[in-house]
Structures are given as C-alpha cells and as structure tokens.
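Copied from Swiss-Prot, the annotated features are:
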ACT_SITE  189  active site, proton donor/acceptor
ACT_SITE  319  active site
BINDING   99-101, 130-133, 140-142, 188, 320, 325-327  substrate binding site
SITE      332  site 'Important for catalytic activity'
C-alpha cells in the first residue's frame with residue numbers, strides 16, 4: 001500500500017504532508033495556522049518568485065557560491081513554475097505573516113522538492129537541494145517578497161493593463177473621429193450648456209486615457225528597483241558583495257524589463273512607496289473610466305424617456321419582470337470595478353504607511369490589492385471596449401432635437417446684445433414656451449435675419465475671431 005503522506009521537517013520539528021504535494025513543513029504549518037479567508041497568493045506573484053529564484057541560482061553559481069549541478073536543478077524546477085506548472089502547490093492565503101515568509105518558503109520548498117524529484121531523489125530529504133541553503137541562498141523573505149512584488153507589478157502593467165487601456169483608448173479615438181461632424185448640446189452641472197461636437201466630447205475621453213498611460217510610465221522607474229540583495233534588514237548580510245547588482249541584471253535579462261538593484265535597500269524593505277504611487281495611478285485611471293462610463297450611460301439613457309443620444313449595444317435582457325428592458329450593463333460593471341480599485345488603493349495607502357524600523361509587514365495585502373486592481377482594470381477595459389464602445393451608435397435625430405431646442409444657444413448673442421439682454425431672451429423663451437428666436441424678436445432686440453446669422457450651433461464649437 002502506498003503511503004498517502006510523507007514526513008517533512010523544519011527547524012521546529014516534523015509534520016506530515018500529503019505525499020503528492022511538493023511543499024514542505026513550513027508551508028504545512030502555514031496551512032494549519034492561517035486558515036483565514038479564501039484569498040490565496042496570486043499566480044503572477046508565484047511566477048515572479050520563480051523568476052527571482054532562477055536568477056539567484058544563476059548569480060550564485062556565477063559568483064562561485066552554488067555548485068553548477070545544484071544550480072541547474074533549481075533552474076529547471078523554477079522554469080517549470082514560470083511556465084505555469086505546479087500552481088496548485090502554492091495554496092497559502094494572503095493573510096499570513098506580513099513579510100510573506102511563508103510564501104517565500106512555499107516557493108523554496110516546492111522548487112527544492114521538484115528539483116529532488118527531477119534527479120530521482122526522495123521528496124522531503126532536502127538532498128541534493130535544500131530549500132534554505134540552496135534555493136534561498138543569499139536571500140531573505142524580507143528582500144525576496146518585495147522583489148517579487150515589483151516583478152509581478154511591472155509584468156502586469158506591461159503585458160495586461162497597458163495593452164488593454166491602449167486598445168480602449170484607440171477605439172474611443174475611432175469613435176471621436178467618426179463623430180467629428182455631429183454637433184450636440186453640451187452639459188455642465190447636468191444642465192444644458194453650449195454646443196460642442198460629439199467627436200470633441202469623445203476626444204476628452206481619449207485624452208484622459210492618454211494621461212493614464214503617461215502616468216503608468218511615470219510610476220515604472222520606482223517599480224523597476226529591486227530589493228533583492230538587502231537580505232534581512234537591508235545590509236546584505238550573507239550575500240556576496242556583487243550579488244545585488246548581478247541578480248538584478250539577471251532578472252532584467254530573464255524578463256526583458258530594465259530592472260536595477262535598488263540604490264537603498266533599507267527603504268526597499270521598509271517602505272512601499274513605489275507600489276503606493278503605482279496604485280494611485282490605477283486609482284486615477286479608475287476615476288477617468290468612471291467618468292467615461294457614466295457619460296455613456298447617461299447619453300444612452302431611455303430609450304424613450306431619457307437622453308437617448310447614444311444607442312448602446314443590447315447585449316442581454318435587463319429585467320426579470322419588465323419585458324424588453326435593456327440596461328447599460330457594461331457601464332455598470334465598469335463603475336463597480338472603478339470603486340473597487342479606489343477601495344484597494346485606500347488599503348494599499350494605509351498598508352504602505354505601516355513600516356516599522358527595518359521592515360514593512362503588510363506586504364501580502366499590498367500586492368494582493370495591487371494585482372487585483374490591475375487585473376480588474378485590464379479585464380474591464382477589454383470588456384467595455386469589445387461589448388460597448390465598438391458597437392456604439394448615434395441617434396442623430398435626438399441629438400438634433402436637443403440642440404435645436406436648447407436655451408443655451410442664446411450664449412452666442414452675448415457679443416451682440418449683451419449678457420443681460422441675452423439672459424432676458426432665454427428667460428422669456430422658457431417662461432412663454434417659445435423659441436429663442438421668437439423671444440428675441442418679440443423683445444425688439446434683433447431681427448430674424450440677425451438671429452439666424454448670429455446663432456449657428458456649428459459655429460459655436462470653437463473660438464471665432466471678431
């Protein structure tokens with residue numbers, strides 16, 4: 001009969017672990033003592049850990065600290081994790097030690113046991129690969145976890161959020177160009193204002209997302225600084241003098257991103273301003289997306305009793321009781337994502353402020369919330385673009401009706417009859433239920449021909465020289 005469990009040991013003693021699991025005693029202890037919630041460490045973070053463990057093995061070998069055969073086993077096991085294998089062997093919750101020590105050891109143990117399996121050894125024997133002595137060589141949880149945080153953050157921004165945000169920006173720009181010739185009434189304070197084109201309105205959305213993309217680039221330099229090499233408190237104890245610089249170069253080589261060794265490891269371990277700054281950028285992007293989504297659902301409200309200027313794609317039934325009802329569901333999903341991102345940023349900001357002396361011990365909750373925001377925004381932008389923006393259509397007759405009946409067209413008369421007289425025209429038209437033109441003529445302020453020459457909505461969308 002095959003044993004269902006094996007014995008794993010750590011400095012506190014021995015524990016039984018399921019025979020088919022690659023983790024060891026420290027991971028098992030974490031499962032026992034931190035059964036809190038259902039949030040586990042993100043796969044992106046585990047992959048980042050595997051990258052840094054591979055880079056550390058290569059660097060330690062190059063510096064003469066790790067034998068080539070051991071380095072090769074670690075590299076092979078790490079490569080499998082980088083490729084997406086063994087993710088079910090990383091079960092630990094976010095809610096653990098604030099340095100992420102249990103997750104660092106989870107990675108060390110899985111890589112060590114997988115390396116042992118590759119060479120035909122006995123799982124749990126720590127021979128020929130020891131999780132601490134070999135996989136964790138020249139490292140501490142205190143510098144590996146923040147390093148993995150930055151690797152995961154940069155990779156997520158570059159491969160997920162930037163492409164998704166750029167695609168949404170480009171689709172909005174296509175609509176801006178398509179709608180350039182459609183003049184509509186503007187609105188401020190949710191009230192009628194002077195005209196602009198629908199293309200101009202959409203160009204504002206494009207500019208907001210351009211600003212978001214620019215802000216992402218502003219936050220990347222801080223995220224490209226790595227804590228690895230600081231070891232326990234930032235001094236680099238038990239690492240080679242060249243380790244920090246060389247391992248950062250190796251990580252840059254492996255990822256294709258320009259990572260460097262953080263110039264001050266004490267700050268890199270005890271503070272997380274770079275992630276807090278980047279989270280602030282995500283919050284700013286969420287603010288832009290909230291505005292865009294709200295505008296589109298307001299302009300698409302109706303179909304008969306709302307603004308109805310835009311026809312939003314009808315993707316699914318909107319009500320379980322009202323037949324034929326269709327709702328702006330993509331806008332609603334987007335706005336919920338935005339408020340979640342804002343909440344995540346509040347958590348990150350507070351957690352980043354909680355460093356004490358040489359270490360911040362809120363690391364897992366910081367990266368959990370950051371990657372959550374990043375993925376939500378990436379997915380929401382893709383969904384919003386595909387299922388709403390691409391299929392947007394304009395109800396031009398509705399747009400024209402609002403434009404033609406707006407009292408705020410009277411603003412064009414200011415240079416000709418003065419602000420006070422123009423206000424009188426608007427109030428008279430509203431009170432008597434007549435047109436601006438009729439009110440102005442009845443008040444004796446101008447002729448019909450003058451009104452037609454001066455009040456031309458299409459000429460009110462840009463500055464005009466006197």
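Yeah, the Cβs are placed from backbone N, Cα and C, and that goes for glycine too.
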### Query
If you measure residue 327 (substrate binding site) to residue 319 (active site) at Cα, how many Å is it?
8
### Message
Which recorded positions are spatial neighbours of residue 325 (substrate binding site) here, meaning Cα within 10 Å, out of 189, 319, 332?
### Response
319
## Note on the structure
Rounded to a whole number of Å, the separation of the Cα atoms of residue 319 (active site) and residue 332 (site 'Important for catalytic activity') comes to 14
### Message
I need the CA-to-CA distance for residue 332 (site 'Important for catalytic activity') versus residue 189 (active site, proton donor/acceptor), whole Å please.
### Response
21
### Query
Helix, strand or coil: which one is residue 141 (substrate binding site) in, per DSSP?
helix
### Query
Which one of the recorded positions (101, 141, 319) has its C-beta surrounded by the most other C-beta atoms within 10 angstroms?
141
### Message
For a quick check of understanding: among the binding-site residues 133, 188, which residue's Cβ has the most other Cβ atoms within 10 Å?
### Response
133
### Message
What whole-number Å value do you get for the CA-CA distance of the residue listed as 'active site, proton donor/acceptor' and residue 141 (substrate binding site)?
### Response
52
### Task
Give the residue from the recorded positions 189, 325 that has the most other Cβ atoms within 10 Å of its Cβ, counting over every protein chain displayed.
325
